[in-house]
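Novice: Okay, these came from Swiss-Prot:
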BINDING   His76, His175  substrate binding site
BINDING   Asp93, Asp104, Glu233  divalent metal cation 1 binding site
BINDING   Asp104, His168, Glu202, Glu233  divalent metal cation 2 binding site
Amino acid sequence: MIVKTDEELQALKEIGYICAKVRDTMKEATKPGVTTRELDHIAKDLFEEHGAISAPIHDENFPGQTCISVNEEVAHGIPGKRVIHEGDLVNIDVSALKNGYYADTGISFVVGKSDQPLKQKVCDVATMAFENAMKKVKPGTKLSNIGKAVHATARQNDLTVIKNLTGHGVGQSLHEAPNHVMNYFDPKDKTLLKEGQVIAVEPFISTHATFVTEGKNEWAFETKDKSYVAQIEHTVIVTKDGPLLTTKIDD
């Protein structure tokens, strides 16, 4: 999507705020003893309160308001009976629509403290990779520079990127052009970012793996070697003044 009017911009900001509010409220509630279904109910209540609709349910008939992935799950984890424990690596991915406009956001974090420092490291480096990618976001620059920055950040920290999970265009649908915002450099991709373009940028940083495979059900993804993986995702509007993150709530 290319934002052309202030009405479109305000609509994107509104759904971005709602998704961010859901994400942050769910993260705050992720404590040992809670189930992923209970966390998902928080999203349901907040979506209803704000007049928004879960995109996974609306677009994909996904069996949950949000995707909650724990430890071996990398993405698209189904909320259910799974109980959260101290030291778990959790990813919460929230996407929704309101009045025909979408936002998509996600965060990975460690619950409490873990005796496995690599869990926290992949989370920290995912954040660093996203921040470095944002330095490349401006009209007229190559889309592939985002992936180059993400991959470089991973390598500098002796980590890897997941190559078959990518960002994407977003705005008037959950997935639209560009179809992929890679987490590595693709020299064949000559796509240029445009003023007002809306994209979801989501680095997936891993301890060892470079690809995910189907997991225990038709939705969840895992790595074959059970590597830890962390993701950070925001909906980003390309502007001449730099990236505008609709899913970031200012402190």
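The chain as shown is numbered from 1 upward.
Every residue, even glycine, has its Cβ placed from backbone N, Cα and C.
Set these features in their place in the structure for me.
Specialist: Around His175 (substrate binding site), taking its Cβ as the centre, 17 other Cβ atoms fall within 10 Å, counting all chains.
The DSSP secondary structure for Asp93 (divalent metal cation 1 binding site) is strand.
If you take the C-beta of Glu202 (divalent metal cation 2 binding site) and look for same-chain residues 6 or more apart in sequence within under 8 angstroms, you find Asp104, Gly106, Phe130, Leu165, Thr166, Gly167, Val181, Asn183, Gln231, Ile232, Glu233, His234.
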Novice: Using a 10 Å radius around each Cβ and all protein chains in view, which of these binding-site residues has the most neighbours: Asp93, Asp104, Glu233?
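Specialist: Its Cβ has the most other Cβ atoms within 10 Å: Asp104.
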Novice: For Asp93 (divalent metal cation 1 binding site), which of these binding-site residues sit within 10 Å, Cα to Cα: His76, His168, His175?
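Specialist: Close binding-site residues: His76.
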Novice: Around the divalent metal cation 1 site formed by Asp93, Asp104, Glu233, which additional residues qualify by having Cβ within 8 Å of the site's Cβ center?
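Specialist: Not counting the recorded site residues, we get Val94, Ser95, Thr105, Gly106, Ala200, Glu202, Gln231, His234, Thr235.
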Novice: Could you tell me which three-state DSSP class His175 (substrate binding site) falls into?
Specialist: coil
Novice: How long is the line from the C-alpha of His168 (divalent metal cation 2 binding site) to the C-alpha of His175 (substrate binding site), rounded to the nearest angstrom?
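Specialist: If we compare the Cα positions of His168 (divalent metal cation 2 binding site) and His175 (substrate binding site), the gap is 6 Å.
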Novice: Let me check the 10 A CB neighbour count of His76 (substrate binding site). How many other CB atoms are there?
Specialist: 23
